[in-house]
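S.K.: Dumping what TrEMBL says about this protein:
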type	residues	note
DOMAIN	46-280	domain 'Glutamine amidotransferase type-2'
BINDING	C299, C445, C514, C517	[4Fe-4S] cluster binding site
BINDING	S346, D408, D409	Mg(2+) binding site
Amino acid sequence: MFELTWKCFFLSQPPFLWCLVPKATRRLSREERPPNQSSLTTGLSCVVWGRDGRTVIREAAWGQESAGIVTSNGVNPPTYNTLKGMGLVNNAFPPEDLLKLRYGNLGIGHTRYSTTGISELQNCQPFVVDTLHGKIAVAHNGELVNAAALRKKVMRHGVGLSTSSDSELITQLLALTPPMEELDAPDWVARIKNLMHETPTSYSLLVMYTDVIYAIRDPYGNRPLSIGRLVPISKLHTAGAGEGDTEGWVVSSESCSFQSIGAKYYREVMPGEIVQISKHGVKSLSIVPRPEGDLPAFCIFEYVYFARPDSIFEGQMVYTVRQRCGRQLAIEAPTEADVVSTVPESATPAALGYAEQSGLPYVEVLCKNRYVGRTFIQPNTRLRQLGVAKKFGALTDNFAGKRVVLVDDSIVRGNTIAPIIKLLKEAGATEVHIRVASPPIRFPCYMGINIPTKEELIANRPEFKDIAGYIGATSVQYLSVEGLVSAVQGGIPSLQKDERINTNTKASRRVGHCTACLTGKYPVELEW
């Protein structure tokens, strides 16, 4: 059997997906493997296996509740090895447990923070189930908009459910035999299409069956999914790595992890696309279209907050989009001030864009404790508030006696920004003007983001009428919805036909974004 130098990775996407499929070529030499180093990296976690069993673990910023890995030996019937645990990757996967997975030659993984289902190990993905043709493993990022109706439908078929996660519904629907399938061979494209007709959004999926992994995005492309290819380390940073240098394939919710495991960005999975990945390469099998007239609905909040700035979506880097948001914010909401700064780190590109457009100097006013997780995804308000208290320190010499424009990427609940303003004023800032590089969030997300109720959103509370007074700022202004959409779509390159995608479905290439949390206009009808 082909002996693989394992490369697996955990992403900053909530919850993230990853897979790895080796190409049946030569082994990596010892010199070409990534160096053995142990580190903690905000926004990225990586686990690397080599034939010598050395391990590198980087901690994930997203998916703080649980993590799971399923590997396959790639034969028929396959042997699946499963490892799951609660908490961050470092806590969930002790190095001695990771060594148990090193004999697989392909696998999928997942880290989770829950938007549906309780925080228990039984809801930890990937899910593995037996089907008529053998076991499959499934990892899901997103949230089904018609989960309640699907749950009743699955149960009417006599199928019991063992978890409260909507992701198990996907697994059970894939296990159902479609009408046209032959009894002696599974038609996975038909099964996946049947699933996609049952639920329009929101999901990116990885489905592993024997020696193949299928990468799938829903027809609206609401959640991201990217493909990378493993190349020799000597060619990782050069333009000369052709497809002949490919030594394996990886799929992730964000492209930012590719480089750290010796992979180069290849392309995105398109909305509605079913991609087959095996040792023979990447093959686009089909694209399921949206209803006539519907645009794609990629989550615009990926650009605002969730994604790491070095990730690529729709042909553009997130960092550059956030800079454009900052420049547009300076045009829409100027003010008299002495310096511009940021709430680190996701708002830094927007602050730099604001400073550039306004002509004000950019300085750092806050020092971030890099070993504290992101407060937005802590599971309750008390933990979020405690997280703020130990997350920042003031760089007093940079702003004492000055008027500060503080740029933040978003204000969701209002728990984070008020203590920061108080900290800056107590440290000597004469004025603190808050500029938010996104519009007010007014509506809950039902497609995979943890914004469950209108009542907890600051933009819907009575205090929002005088939000500056409520949080202690001199002034507060937000980027408009039109300004955000313009900044995001202004850098998307012309979507010309990609020769690597065998499809004539023009609708799959049109540009569109989900702004439901800002406008209340959801891309599909919600079913309860």
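From the backbone N, Cα and C atoms, a Cβ is placed for every residue, glycine too.
Predicted automatically and left uncurated, TrEMBL annotations should be read as such.
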S.K.: Return the residues near D409 (Mg(2+) binding site) by Cβ distance under 8 Å, restricted to its own chain and a separation of at least 6 in sequence.
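M.R.: Listed in sequence order, they are V304, Y305, R322, V343, S346, A347, A350, V436, A437, S438.
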S.K.: Excluding S346, D408, D409, which residues of the same chain place their Cβ within 8 Å of the centroid of the Cβ atoms of the recorded Mg(2+) site?
M.R.: V304, Y305, T342, V343, A347, A350, V407, S410, V436, A437, S438
S.K.: Determine, for the [4Fe-4S] cluster site, the additional residues of the same chain whose CB lies within 8 Å of the mean position of the CB atoms of C299, C445, C514, C517; present them in sequence order.
M.R.: N222, I300, F301, M447, I449, T515, A516
S.K.: List the residues of the same chain that sit at least 6 positions away from D408 (Mg(2+) binding site) in sequence and have their Cβ under 8 Å from its Cβ, in sequence order, or write 'none'.
M.R.: T342, V343, A347, I417, I434, R435, V436, A437
S.K.: Find, for the listed binding-site residues C299, C445, C514, C517, the residue with the lowest Cβ contact count at a 10 Å cut-off, counting only other Cβ atoms.
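M.R.: Comparing Cβ neighbours within 10 Å for the binding-site residues C299, C445, C514, C517, C445 has the fewest.
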